[in-house]
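A.B. asks: First, the structure itself, so that you have it in front of you.
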Amino acid sequence: MTASVLFDAQGPRAKRRNVLYTVVFLAALAAVVWWLYVSLDEKHQLDWVKWEPFFTSFQPWETYLWPGLLNTLKAAFFALLIALPLGALFGIGRLSDHRAVRVPSGILVEFFRAIPVLILMITANAAYSEFTDIASDVRPLYAVVTGLVLYNASVLAEIVRAGILSLPQGQTDAAKAIGMRKGQTMRYVLLPQSVTAMLPAIVSQIVVILKDTALGGAILTFPELLASVRPMSANYGANTIACFTIIALVYIAVNFALTSFASWLEARLRRGKKSTGAVVGTAPGAASKSSRLPRPSPRARPTPDGPSMIRPRGAPAHLPCPPPRVSVT
């Protein structure tokens, strides 16, 4: 399909207008960047003395940034480890034919998806403090993980449900035609094919989980990456802008690595489907191996007088088939 089918080709006036818009936008962007530079320079936020500790010494990294990054990754890992299977379970439950499973799954998903994750963290922290004997130094980690699990499991459930529903109805009909039950269809046909469609949304939610750990550091004194700004700024000359910039670069690097890995994995899955023709395996016992019909022999020729006769190999086509031999005893 050519580009002219999708939209009309631009004329000379439209091209000049687009060039003008581009020049105006770049000029406005350059003006904003220059204003930021002048403002920061007047406040001495760009002085080398404020940025020097991050480039000439390992102490801020070893004391603040590295432990904070480890705590951030730890909370995100445990939250994802619990939320992903829980979300898949509730997402499949919302598609169940049984009302006793479908309705409670929908209520739980809609309830926790509507509550802000910060409220879930605060509530979990208060509940752990009131009803459990968890030590106070690890209680913020438990509260952050609990809040992230409850909220993101409900979001992942909707992602799983939407990914399964995005498949054509013919996949389900074909599975039923070869004798698969509902559970076998979900396990062997729908879920494997919907993983590729769900992967970008799942990765986006993983990035959200990673960034939402900062809420625990701001409210529950969880020592994650962003919470290291206050002690670093106090110990290294009130360089708040430099601290936030370095932490933002760390977040960008981690999320970029995560999305790059997800893009590579998605491309690999798509290449695998193309090379194999996206053949879906059948469940054990769903179809018998003997269901494949043998191909008829090309040498068999039916005759009006009786059973089919087999022409000897190499015999001319215009000669009649020899009569069958009859043994007389």
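A Cβ is built for glycine as well, from the same backbone N, Cα and C atoms used for every other residue.
Small disclaimer: the values here were computed from a predicted structure and weren't measured.
Per TrEMBL, the features are:
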- 276-294: compositional bias 'Low complexity' (COMPBIAS)
- 295-305: compositional bias 'Pro residues' (COMPBIAS)
- 319-329: compositional bias 'Pro residues' (COMPBIAS)
- 69-262: domain 'ABC transmembrane type-1' (DOMAIN)
- 276-329: region 'Disordered' (REGION)
- 19-37: transmembrane segment (TRANSMEM)
- 75-95: transmembrane segment (TRANSMEM)
- 107-128: transmembrane segment (TRANSMEM)
- 140-167: transmembrane segment (TRANSMEM)
- 188-210: transmembrane segment (TRANSMEM)
- 236-265: transmembrane segment (TRANSMEM)
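Help me see these features in their spatial surroundings.
C.D. replies: The list of residues near the transmembrane segment (107-128) in space but at least 6 beyond its ends in sequence, with Cβ under 8 angstroms from a Cβ of it, reads 90, 94, 134, 139-140, 142-144, 146-148, 150-155, 157-158, 212, 215-216, 219-220.
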A.B. asks: Ranking 19-37, 140-167, 188-210 by Cβ pairs under 8 Å to the transmembrane segment (75-95), which is first?
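C.D. replies: Comparing 19-37, 140-167, 188-210: 140-167 has the most Cβ pairs near the transmembrane segment (75-95).
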A.B. asks: What same-chain residues lie close to the transmembrane segment (188-210): Cβ under 8 Å, and 6 or more beyond its ends?
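C.D. replies: Hits for the transmembrane segment (188-210): 72-73, 76, 79-80, 83-84, 148, 152, 155-156, 159-160, 162-164, 166-167, 171-172, 174-175, 180, 251, 254-255, 258-259, 262, 265-266, 269-270, 273, 278, 280-283.
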